[in-house]
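Peer 1: Annotations per Swiss-Prot:
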- S93: active site, phosphoserine intermediate (ACT_SITE)
- S93, D227, D229, D231: Mg(2+) binding site (BINDING)
- S93: phosphoserine (MOD_RES)
Amino acid sequence: MKLFGTDGIRGIVNEFLTPEIAFRLGNVLGNMVDKKIFIAKDTRASGDMLEEALVAGITSAGVDAYKCGVLTTPALALITRLENAAGVMISASHNPPEYNGLKVLMRGYKLPDDIEERIEREMEKIRYCEYKSVGKVIEYDFASEEYFEYIKKQYSFLDLSGIKLVVDVANGATYKLNPQILEYFGAKLEVVNDRPDGFNINRDCGSTHPENVKKNITGSKIAVLYDGDGDRCIFVDEKGEEFHGDKILGITAIDLKKENRLKKNNVVLTILSNMGLEEFLKNNEINVVRTKVGDRYILEEMLKNDYTLGGERSGHIIYRDKSTTGDGLITTLEVLSSLVKSGLTLHDLSNRIPDYPQVMVNVEVKNKEIYKNKKVFSLMKSIKDYRVIIRPSGTEPVIRVLVEGPDLEKITDIANKFYELIKELDKE
């Protein structure tokens with residue numbers, strides 16, 4: 001059974017992701033590093049169980065486990081970079097509460113595929129240290145403070161005193177720290193979905209459910225919505241319209257270029273990024289590179305070619321001069337900084353970037369390899385003047401079909417044809 005997917009080990013708790021897996025991962029990591037390992041988690045009820053198993057595995061290999069408590073993925077990434085250490089984030093990001101995950105970080109970065117494959121092989125055996133060398137468990141209470149101080153230094157110029165902001169923290173890892181930091185910069189906040197109970201993370205809230213926050217938008221208010229582990233965000237503008245990752249990339253790329261922060265005058269997108277964004281960037285003399293879907297592939301391209309900015313429509317945006325990973329809070333501050341400098345409304349900024357209609361359908365299947373079927377390829381070849389992208393989910397039993405083009409009715413019809421075909425093939 002393959003454990004690592006597109007974003008670490010992730011699945012339904014006690015069906016796929018068990019305490020034994022957490023223990024084995026901790027034991028392997030403890031045998032790979034020679035100092036300490038930092039652990040953080042989001043607000044899922046299963047986080048405590050997985051944390052204790054992970055700690056047992058780490059300490060059984062003779063390494064100290066530093067428990068950071070509830071913390072965002074980007075904050076943990078910063079801690080591991082500052083401490084030159086490894087870390088494990090216990091979170092399933094935007095997935096519902098019955099899911100959880102284990103994401104390994106090394107000096108701020110996610111692991112490359114070959115290291116994950118090595119870890120997975122090593123997890124088949126357990127290696128204990130001698131009893132005198134068992135690691136210690138340390139409650140690391142300074143993680144939030146270290147992250148807060150870092151953000152304050154990076155954005156010391158920022159004044160958000162004119163901003164009225166609804167903040168949806170998704171009952172997740174951002175529920176305390178992000179509002180505190182935004183208030184520090186002067187924004188007037190209305191915080192929602194900030195009472196996690198272990199079972200309500202991402203439940204009809206956060207970046208995957210903007211429809212509920214739209215009801216709170218009145219007057220000059222705007223909203224920012226985070227996911228469960230805080231590595232991404234989207235906005236809702238004054239008109240109640242979504243300001244998603246493509247819009248974020250377009251607007252902030254212009255400012256990064258003006259500030260000489262946009263290395264090689266290039267932005268990294270994915271195959272799902274809207275053609276309207278690409279046109280906007282090229283019209284502003286900014287080059288574009290596309291990668292596979294997933295922030296890990298965006299980051300790989302950025303590191304390989306020394307680019308500063310990359311991201312995807314879902315709100316995973318990487319500002320590599322500020323962070324080693326997607327960071328919802330840094331994204332928020334970059335967008336609000338652009339908003340303040342422009343003197344415009346968020347809606348006005350949004351309208352600068354064309355957005356071709358897109359329809360995405362998620363097809364639940366038993367066999368995710370169905371998308372390679374010849375009949376699917378034949379239908380794709382028959383589609384002219386519209387963009388069709390079909391790919392399996394890395395974390396769910398789902399095939400995703402994206403259709404993009406100028407006519408909404410037409411792309412909806414195309415998407416439905418693929419849905420019906422894949423469903424029919426999955427029955428065979």
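All positions are counted from 1 along the displayed chain.
Cβ from N, Cα, C; glycine included.
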Peer 1: Taking the centroid of the Cβ atoms of S93, D227, D229, D231 as the Mg(2+) site, which other residues of that chain lie with their Cβ within 8 Å of it, listed in sequence order?
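Peer 2: Nearby residues not in the site list: D42, T72, T73, S91, H94, G172, A173, Y226, G228, G230, R232, G326, G328.
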Peer 1: Distance between D227 (Mg(2+) binding site) and the residue listed as 'active site, phosphoserine intermediate' at the Cα atoms, whole Å?
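Peer 2: So the Cα of the residue listed as 'active site, phosphoserine intermediate' lies 6 Å away from that of D227 (Mg(2+) binding site).
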Peer 1: Using C-alpha atoms only, work out the spacing between D229 (Mg(2+) binding site) and the residue listed as 'active site, phosphoserine intermediate' and round it to an integer in Å.
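Peer 2: Taking the Cα atoms only, D229 (Mg(2+) binding site) lies 5 Å from the residue listed as 'active site, phosphoserine intermediate'.
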Peer 1: Determine the Cβ neighbour count for D227 (Mg(2+) binding site): the number of other Cβ atoms within 10 Å of its Cβ.
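Peer 2: A 10 Å sphere around the Cβ of D227 (Mg(2+) binding site) contains 33 other Cβ atoms.
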Peer 1: Counting only residues 6+ away in sequence within the same chain, which have a CB under 8 Å from the CB of S93 (active site, phosphoserine intermediate)?
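Peer 2: Counting only residues 6 or more apart in sequence, the Cβ neighbours of S93 (active site, phosphoserine intermediate) under 8 Å are D7, R10, T73, G101, D227, G228, D229, D231.
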